[in-house]
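As given in TrEMBL:
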DOMAIN    147-460  domain 'Amino acid permease/ SLC12A'
TRANSMEM  41-60  transmembrane segment
TRANSMEM  66-86  transmembrane segment
TRANSMEM  147-167  transmembrane segment
TRANSMEM  187-208  transmembrane segment
TRANSMEM  229-248  transmembrane segment
TRANSMEM  268-295  transmembrane segment
TRANSMEM  330-349  transmembrane segment
TRANSMEM  355-378  transmembrane segment
TRANSMEM  399-424  transmembrane segment
TRANSMEM  436-456  transmembrane segment
Amino acid sequence: MSIVEKDTKIGDEQVVHQVDSDGEGKPHQLSRSLKGRHMQMIAIGGSIGAGLFVGTGGALRTGGPAALLIGFIIIGCMMMCTVQALGELAIIYPVNGAFYEYAVRFIDPAWGFAMGWEYSIGWMLTLPFEITAAGITIEFWKTREEIIACIGFIVLGIVINTGGVPTDPRGYIGTAYWQDPGAFRNGFRGFCSVFVTAAFSFGGTEMVGLAAAEAEDPRKTLPKASQQVFWRIALFYILNIFVLGLVIPSDSDVLLGASGANTKASPFVLAVELAGIQVLPHIINGVITLCVISVANSCTYGSTRVFQALAESGRAPAVFAKIDKQGRPIYCVALQVAFGFISFITVAADSQTVFSWLLAITGLSGQFAYLSIMLAHIRFRRAWRLQGRPLEDIPWRSALGVYGSYLGVFLVLCSLIATFYSALFPVGGSPNAESFFQSYLAAPITISLFAFWKVYTKDWSFGVDLRSVDLDKGRRREEELAAYETVDEKVPTWKRVVSFFF
């Protein structure tokens, strides 16, 4: 008995039901009302937050401006491969749980279980981190959104760098900070250390795929969202990182991770302070606070959708599979909110130690998810070929093809190796177990979850049989594809070019 999808109306919203092919069974209801702009803002709002606005300070100090820029470019390329692969899978299979379901179907159920749990826990624990990050910025800003903040700092940074601020005693800066204190700091160790911050900062881009099951028209909105989200994030991140390295010295004692009383403010705010601009640092700090809170909101979306899918498939407590009449996984949301109260440990004297260990659990969850997405895409393409299906039947194909996923897998492995090296040989310290596990604890946890599911199910094989995998389960109907293609053909070429970037 197979699973098919049916669409019905509840009020003004379209709802997707997954029911047995004979029409029986309890419907699974998720509100299908998300438009393209909603999906893009979910991904952008989940990405541009504490990692970029706060975490880059420590990475700039340990690695230097060139290492930070190169690290973000490499991770940006990895995310390009990830989003393209995810877009192809999510359009043909817009199922709840997205890449968790793809890992179960195309890689191995045990790996899907491990990755799904690690990813959900990662976002649940990211919520209190973002709340705490908002508190860190508020410690600087005591008076009184994402894209506006990024664009504003790029413009302001160029003005500061070219000596356009009368109150800045430094005058024209140019590339002076790339020469002294230098483009790189702490050698190879410093370079490897920036990958942790870069990978964490880009986390959330993959939420486009999670939103597929709730998209109003996934065939129309997902391709555009996949393209736009990457270009916007890549431009905003890379340009901001480049400008940041030009206007603030990497050896500044006010950067996060340095000693002194001024270490708890965003490097973006500090760059404006160094220019001697009054009032504006407070405004920027307020905008950053809103951005960080926005990421906390996206945390709730990401964790609840994957955890609800885990519960629905019997890989998490069944109570969390419940969805209310408005199409919300209400118990999963309550669980996520409960995790938010962890942020109150900041009042404790040893709160930094506690948070370091909590973040150790989440540190690699995103990278494991990216690895799973691209491996699932590779194996999906292979299953498609082994079962004799033409590529033309895939409604939307990755612009990078399957080779883009191979490149992405390689870049993820490089990032994991760099993280392993920086965890084993930390900057400014000697190798020790505590430092290593605070950076790499997620790896043994994921392996343990994988082993647990193997033992629990007594299934000792690895990898699904690609010749027999069901490629039609959850697949969208052909008439929807035809309707999408008809609409797409009517769009002028110049509008397609513009929409690709914006």
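Each residue, glycine too, has its Cβ placed from N, Cα and C.
A contact between the transmembrane segment (147-167) and the transmembrane segment (399-424) is absent, since fewer than 3 of their C-beta pairs, 6 or more residues apart, lie under 8 Å. Packing against the transmembrane segment (66-86) from elsewhere in the chain are residues 56, 59-60, 98-99, 178, 183-185, 190-191, 194-195, 197-199, 201-202, 205-206, 208-209, 226, 229-230, 233-234, 237-238, 241-242, 244-245, 370, 373-374, 376-377, 398-400, 404-405, 407-408, 411-412, 414-415: each is 6 or more residues past its ends and has a CB under 8 Å from a CB in it. Listed stretches 229-248, 268-295, 399-424, 436-456 were compared with the transmembrane segment (187-208); the greatest number of C-beta pairs under 8 angstroms is found for 399-424. Here the listed stretches are 229-248, 268-295, 399-424, and the one with the most C-beta pairs under 8 angstroms to the transmembrane segment (436-456) is 399-424. Nonlocal intrachain contacts for the transmembrane segment (229-248), taken as residues 6+ away from its ends with a CB within less than 8 angstroms of a stretch CB, comprise 40, 43-44, 47-48, 52, 56, 60, 64-66, 68-69, 72-73, 76, 79-80, 83-84, 147, 150-151, 153-154, 157-158, 160-161, 173-175, 177-178, 201-202, 205, 208, 255, 267-268, 270-271, 274-275, 500-501.
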